[in-house]
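To keep things clear, I will list the structure first and then write my remarks on it.
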Ligand SMILES: *Cc1c(COP(=O)(O)O)cnc(C)c1O
């Protein structure tokens, strides 16, 4: 052993991807052009969600830059159905994808062009289907029952239903957080059942317009997204041969993820753009009437939003610091780890009005609910916070307010602002 031997390198824990979508001014995050403390005054209460128009605009611009211009970009509004957000997005993207008649109303109110609205989801009711036909939007069929219902509606209204078939493919999106295609699923129609379904669509006199393939969600690996797009395209090409009419819309799904947890990296769009360019070229020859569509939810809106809660109490329990805030899992179920996560991990969290400060400590950010599940950050290194400070959860623009059990435990609801 020599005295020049260096000590073993300290094991570095994985860190969150840097959150650079918002500027910092005087030690405070700037959201929608306003320092966080001033924004909180403007909103008039905590907790709140704030969505930044500039960040939304920039995200769409980056996508347009990276993807071929022929590919249509749809916003899957279940990620963030706030009417002001949907209205803003409707002006930026080519279409809106809805998953209920309630969402359909918001999309149409927002001014979305019905020609570019599509409606997916299992278990559509008769009433929902009637509203969709009368709205002249594209219905992504999920079962033979929907074909039968639409046959009757088409006759009664004298309007042919516009339909695409949501296909449950015989492959899965590898590496995605939530699988929504492949194997036995409640979504779409199994490939094996499609020949019979196509015949029923033809017999019912529905207006067939294309296919919808959605393999899964929250994928950070460009390679597996490209793979799923290739396989989806190949399957659609095969299915086009038994389709009752030429394919006009080929929705290749989405699944683009954003980094939430330590160690996750941002998705690389460049290979996806190249992959889609190849498919656009093939489609021009092989499916000449088809537009390729991708539908994105969280990738469009997730990084543009923050959730902000005020520190009410700073408690130290047996050496561990707890920042008790006025916000929690009732507003932000996913940050608490209870919206589909298997192992709880921390979202990126900070103290949004103390970013310039050196002093840091390990602290847990919790909410006011009487359950240990009400945890927004578990022993994270954070700027040292005091009562009145503003805890911020990044990556909160998607699956936040609308995906949380606001009535659980009877605390006040939260406010959402688009700034
Ligand atoms: C949920 C959903 C989306 C959006 O998923 P994200 O992960 O938010 O991009 C897109 N299409 C369909 C059919 C969906 O169900």
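Just so you know, glycine gets a Cβ as well, placed from its N, Cα and C.
Because TrEMBL annotations are produced automatically, they should be read as predictions rather than curated entries.
According to TrEMBL, the domain 'Orn/DAP/Arg decarboxylase 2 C-terminal' annotation covers 48-397.
Feature annotation from TrEMBL assigns domain 'Orn/DAP/Arg decarboxylase 2 N-terminal' to 55-301.
A 10 Å cutoff on Cβ-Cβ distances gives residue 78 (N6-(pyridoxal phosphate)lysine) a total of 19 other Cβ atoms nearby, all chains included. Residues or ranges marked as N6-(pyridoxal phosphate)lysine in TrEMBL: 78.
There are 7 other Cβ atoms within 10 Å of the Cβ belonging to residue 370 (active site, proton donor). According to TrEMBL, the active site, proton donor annotation covers 370.
Cα of residue 370 (active site, proton donor) to Cα of residue 78 (N6-(pyridoxal phosphate)lysine): a distance of 29 Å.
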